[in-house]
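Engineer: I am attaching a structure below and will ask some questions about it afterwards.
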Amino acid sequence: MSSPFFIKAKVNPKFAKKGKPATVLKRKGDGDPGGKGKPRAKKLISKHNEEISSDSETESPIVARKRQTIEKDDYDETPQEKKLRLAKLYLNQLKEEEDDKAEDDAFETDLVAGRLQEEVLEQKGKLQRLIAKDIMAPDASEIRVLRGHKLPITCLVISSDDKYIFSAAKDCSIIKWDFESGKKLHTIHGGRKGTEDRHVGHTAHILCMAISSDGKYLATGDVNKLIMIWEAKTCKHLYKFTGHKGPVSGLSFRRGSHDLYSASHDRSIKVWNVDENAYVETLFGHQDAITGLDCLSRECCLVFHGHEGSIDCIQLINEEHMVSGADDGSVGLWSVNKKRPLSTVKQAHGRHGEAGLQQAHWVSSVAALQNSDTVASGSHNSEVKLWKCGQNYRKLEPLFSVPVCGFVNSLKFSSSGQFLVAGVGQEHRLGRWWRLKEAKNGIYIIPLKRKPTPSPEEVKIAE
C-alpha cells in the first residue's frame, strides 16, 4: 500500500476539532538507520507530526503504520460488508416483527372465530353462556328501592343500554328513572275514569309495556283495551292503537325492528307497524285469555301444554328456549321444538295456607338473561328466586333467593347481567285476590355480583 492512503486515513477533522489527542508510546530501537526506506520514513514523520496534537508523544513511523493497519482492519469495513451487515439486521428485525404479528393475528383470529361462533349459535337459538355458577347472592343492604308510584307496580322495562328504567302501575302513571342515580326523570300522570277524551295518557290500570331494541319507542297497554306509543327519549305521546276487545295484557317489539305484537284477554294477538302508525294483522288460535307475551326475531306457530294451571308469565331465553310461570306454582323450561316442557319445578316458591287447605304460591313473573343459563322467578312469598339451567336446558337448579316483600309483578335482567330489577306491589297485577299490607310499592334493583376470578398463582397453589 502507498503512504498517501495511510496519511489520508489518519487525518480526521472531527478528532482535530474536538481536541482529543492520540496517545502513543515511544519505543526504543524503532526505525532502520541503514535501510533504503529511511528518506520515506522521514517524510512520513514530518507529515504525520503535522496532524497530531502538540502534547502527544512521538512514535516511530513503522509502529504507527502497523497500528494504523490494525485499526483499519478492526473498525473499518467495505461498503459491501456494511450493506450486508445492515441487511442482516433488517432481516432479523423483520423476522421479530412478523413473529409478534403472527401471535397477535392468531389471538385476534381466535377472538373473531369465537365471536362468529357465538353469533351462529345465537341465531340458531343454541347459545348458552355459563355464568350462573359465578353469580353471588347480594346482601340486603346492597338492594336499592325506588319509590314513586302510589299503587302496585304492574310492569317495567329497561333500555338496551341499561341507562333508564320505565315503570307503570295501577295508578295509570308511567315513570322514567335514571338507572345509576335512581332519580325520576319524567312522570306521565294517569287520568281519572271518564277523562279519556281530554287526557293524554292512560285512565285505567296499565298491565304491560315494551321498549324497542333501539330505545326509540315505548309501548304501554291498559285495561281499557288501549295501546299507547311514546317517544322513549322525551316521553312524548305519539300514537294510540285501538282494536282489541279486551284488556291488553302483553306487549313486545320484534327484535331489531319496530314491529309491535300485542296480546289481549280477547284471545287474539295483533301486529302493528309503529313507524307507519299502522295495523298489520291479527293472529287467532288461543282458546283462553292471553296473559303474557314475548318475542325475539323468528316467527313460528306451535301449541304447548305442560302447566296444570293458567300460565301468567313467559320469557324467551334465546331463539329456541323459554321459561314460564303459572298459578299452579310451577316454573317450566321449554324448547320450541317440543310441545312438552323440558323441565318443570313444581311448587317453586313453596306453599301457603292452613293445614289441609294449602296451595302453591302463584308464580307471577319470570325473567331470563338472554343467551345464558340464568333465569329468575317471582311470587308473593317474600322472595325472588334465581335458577340455573342445566346443560342443553334439560334441568332447573335453584341458585339462591333474594328477600323482597310483596307481589313481584315484573322481573327484568339488565343487558349487562349486572342487575336484576323487580317491580313490586301490594297486589297481583291482574287482580285483587290478596293484599299484602306490609309490602310497599316500589322498584327493587338487585345487584348480581360475580365471584372473583382466581389468579394464575392461586390456581397453581390449588393444584
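Cβ coordinates come from backbone N, Cα and C, glycine included.
Since the structure is predicted, the reported quantities are computational estimates derived from the model, not experimental observations.
Just lifted these from TrEMBL, have a look:
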type	residues	note
REGION	17-78	region 'Disordered'
COMPBIAS	37-46	compositional bias 'Basic residues'
REPEAT	146-187	repeat 'WD'
REPEAT	199-240	repeat 'WD'
REPEAT	241-282	repeat 'WD'
REPEAT	304-344	repeat 'WD'
Engineer: Report, as numbers and ranges, every residue of the chain located at least six residues beyond the repeat 'WD' (199-240) whose Cβ falls under 8 Å of a Cβ in that stretch; write 'none' if there are none.
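Structural biologist: Sequence-distant neighbours of the repeat 'WD' (199-240): 154-161, 164, 166, 168-170, 172-174, 176, 186, 188-193, 246-253, 255-258, 260, 262, 264, 272, 274, 277, 293, 429-430.
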Engineer: Taking DSSP states H, G and I as helix and E and B as strand, how many residues of the repeat 'WD' (241-282) are helix, strand and coil?
Structural biologist: 0 helix, 23 strand, 19 coil
Engineer: So what's the mean pLDDT when you look at the repeat 'WD' (199-240)?
Structural biologist: 93
